[in-house]
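One structure, pasted below without further comment.
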Amino acid sequence: MTQTSFSDPAVMAELLAKMLWEIKAVHFNAAEPYKLASGMRSPVYIDCRKLLSYPRVRSAVMDFAVATLLRNAGFEQFDCIAGGETAGIPFAALLADRLALPMIYVRKQPKGHGRNAQIEGHMPDGARVLVIEDLTTAGGSMFTFIDAVRAAGGVVDHGIALFFYGIFPQAHQRFENGNVKLHYIATWRNVLAVARDQKLFDDKTLSEVESFLDAPLEWSGRNGGVSTLG
């Protein structure tokens, strides 16, 4: 059932950040930085897939996603929800159920046998499709799915990520250039604010994380990762 109450966006962002800490989805390792799909190296990592294992948490997060979409996109803007392989698929199912909409999922590439399909499920030509991912860094993976939906005849004007890194100016430009409005609930700044408030990181760790968030590509380049985004 679609919820129609609208929490303050700042409250939802703070609550999601607290949830991610509570379920131990936030990880830090500056000595051996995490490698992201973009090729970047990062001292911090968020595992949003863990949200699925906590029913009360995931229900609240879906409430937040619905409120964000209804507030910022509208009530009758979508014909279908598309989940990106693989982490976006379960969240697409949950969101589609909340919004009483059909669901499809999109592979990163055609499967190479059978119908050689990249999109699974029924999507009418011209359907207005919302693409969902658990998180997005700079938008590259989301546009893999957006481009596939558009190539198959769908219309994509909106995407949603439960968590958005929010530290790359290039990301905002990518979505603007791609004519897609990105919706999201929380960013790294929200997670860091909770860490500071609840003293979840010591001062040295906070400083290292802030150094990354303030200049992520420079930090990545110094630590064995890419220093530019494609």
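Using the three backbone atoms N, Cα and C, a Cβ is placed for every residue, glycine included.
Quantities reported herein were computed from a predicted structural model and do not represent experimental measurements.
The following feature annotations were taken from Swiss-Prot:
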BINDING   Arg107, Lys108, Lys111, His113, Glu133, Asp134, Leu135, Thr136, Thr137, Ala138, Gly139, Gly140, Ser141  5-phospho-alpha-D-ribose 1-diphosphate binding site
BINDING   Thr137  orotate binding site
Please determine which of the binding-site residues listed here (Thr137, Ser141) has the lowest count of neighbouring CB atoms within 10 Å.
Ser141
Going by a 10 angstroms cut-off between Cβ atoms, which of the binding-site residues Leu135, Gly139 has the sparsest surroundings?
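So among Leu135, Gly139, the binding-site residues given, the one with the fewest Cβ atoms within 10 Å is Leu135.
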How would DSSP class Leu135 (5-phospho-alpha-D-ribose 1-diphosphate binding site) in three states?
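SS state of Leu135 (5-phospho-alpha-D-ribose 1-diphosphate binding site) = strand.
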Have a look around Arg107 (5-phospho-alpha-D-ribose 1-diphosphate binding site) and count the other CB atoms within 10 A of its CB, chains all included.
17
With H, G and I counted as helix, E and B as strand and the rest as coil, say where DSSP puts Arg107 (5-phospho-alpha-D-ribose 1-diphosphate binding site).
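Looking at the DSSP assignment, Arg107 (5-phospho-alpha-D-ribose 1-diphosphate binding site) belongs to neither helix nor strand, so coil.
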Given a separation of at least six residues and a C-beta threshold under 8 Å, show me what packs close to Glu133 (5-phospho-alpha-D-ribose 1-diphosphate binding site) in the same chain.
Gly83, Gly84, Ala87, Gly88, Phe91, Ser141, Met142, Phe145, Gly159, Ile160, Ala161, Leu162
